[in-house]
């Protein structure tokens, strides 16, 4: 029985975000297509070489991309919407699908399962030529072999997951389209096998949440594929949860091996193996290192896991690997020496996780005693973190223990509150607003960098922020928006900003991960107990309000989003960490209210994405997520209007949860998802304030007034005009000023036209 190390995927962005910078240089026409291709090749080969040097036996090939691996698969299989047919080159089509263009709406973008990564949603339409348009995995496999002598492991998104993630077809069409995918996948696998690929990883993360009937359907698909490629060694890879509901079916699939997540699906997967065994003729790939978080492994638990498995099964081979792709972790921790010693020692980024895999292999091969020094070091680092003062704050623990039922509820029900708020705010019908942020121009970023480097004083930086704020208050007034925002020019990131001002958080210098396309984020680390220290947003918001007679919203990030967009300590339940954050935000909201701010927006874009993948686990998550939001917001007066915002989500599953938040107004991404939430509201009612986004801010394209009016018109068929707001999909931080101003002008024009029509029909 052989023992191997493997990786499921490696961060694309590069140690210094070289990947991001190359892409953006190409989009800005600072480099040409050939320079893009050459530089991307160099970055990819460097990533492969790192994994080789770390001792990984099966190095993934095909996880690298120019934008998104799901988009790669869509292009490869010919899922190219007809609206892009006038483009001729691969890159023009590819980036138009991802980002849109002046005349083309981009494909929808949404979260990859319950992670913080976004993928481009494949679109099916009648007449698609579903075929192997480009065998990209083969090209990359041969390149790695030729350039580096690496016999890699091609990684492919599986056909069942791919089609489940796609949109544009009815459920009745699913079996027919699935059948059409057999031929291109057979060709893809045949060519890889003939080229010498000794192992091919097929990712089917959707398998963790399929019904019995769907699993049987998926098995028939793989039987059809295996019949045509019988000698290819396929590893069917699952992750993000267990496969316990369908384990007995999965182990009969006609593949050489199966990969299971023993971190996020540990309990269910162990239970399945203990009860049902594992085929002796198959390889078991064991995801024993957390691919989604940044903490060092608990080696005692890892070796105990292997002892449990060995006691019940004898697979053909063992593969030691992360629980999922390392795409979700930063590249390397070596630059983070500014962190406290106990925190630094407790961290493991992607490169350190690869080292952990080789260490575990050595311990299993040569005996645990051979790595006793390393195990002792790990134990000491875990104990140092556990006993640290940051994780043992009595004030935080006392506040949590003192919570009462009334701390989670507003004094009056929504209808009564909203009437009081309308009297106080005097807003027009269909009020217009934005989601919060305005463009972070090169000047804004450069000035912030100068301030952080000590090149300008605090006073100079604050003066600059005030100038930007005033400029955009005037822009908003001139455009005719009804509720204004200060623009968030002082903030780098909607989570990082608050984490820097709360106790319990730590920050990396280079801990970047990919969010979507070239957009990278640097998640905070929730290391200790979270607590309020002092005002975080009051000064900037009050200043903005002093500049105008119109209402200015206070802008906060909600507790669930801060939790879901951070690397979270793994010694407490997530619910408890979220309650700590909510209590800290409650202080800030009370400070804003006492300073005269009458609308306070608490964004929760990550509420839906944090839901467990299995429906049986939803109720528990929704209960504490909703309670966390209410804990943060419930102490304000009835006249104070609480807003929230969500984006990138399949909201049909959580309409009841959205109601339960008891926010006075919610704004929701609508335009890029092609109006799916409008369809959801046709099936149910939502009698609270709501704004359905009227244009996609993730594309540089400026939509017309007519396009926005159409969305408003559709929305008003399912929403009460009394409670309806008009806004963009999301914040405008990543857009340019010359894109934002005309788009907002068109939005206000659309609102005026809609008001006129409503008054005419009244």
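Glycine too: its Cβ is placed from the backbone N, Cα and C atoms.
Among the candidates 317, 332, 603, 617, the one that Swiss-Prot lists alongside 435, 436, 437, 488 as binding L-homocysteine is 603. Per Swiss-Prot, Zn(2+) is bound by 645, 647, 669; the candidate from 719, 730 named for the same site is 730.
Per Swiss-Prot, the 5-methyltetrahydropteroyltri-L-glutamate site holds 17, 18, 19, 20, 111, 519, 520, 609; the candidate it also names there, chosen from 565, 618, 624, is 565. Those residues of the chain, other than 435, 436, 437, 488, 603, with a C-beta within 8 angstroms of the mean position of the L-homocysteine site C-beta atoms are 434, 485, 494, 555, 601, 645, 730, 731, 733. The Cβ of residue 730 (Zn(2+) binding site) has 435, 605, 645, 647, 669, 693, 697, 698 as same-chain neighbours under 8 Å, each 6 or more residues away in sequence. Summarising the environment of residue 437 (L-methionine binding site), the number of other Cβ atoms within 10 Å of its Cβ, over all protein chains shown, is 21. For the recorded positions 17, 111, 645, 698, the largest tally of other C-beta atoms within 10 A is found at 645. According to DSSP, residue 603 (L-methionine binding site) is assigned to a strand segment. Neighbour counts were taken at the CB atom with a 10 A radius for the binding-site residues 435, 520; the maximum falls on 435. Comparing residue 488 (L-methionine binding site) with residue 520 (5-methyltetrahydropteroyltri-L-glutamate binding site), their Cα atoms are 18 Å apart once rounded.
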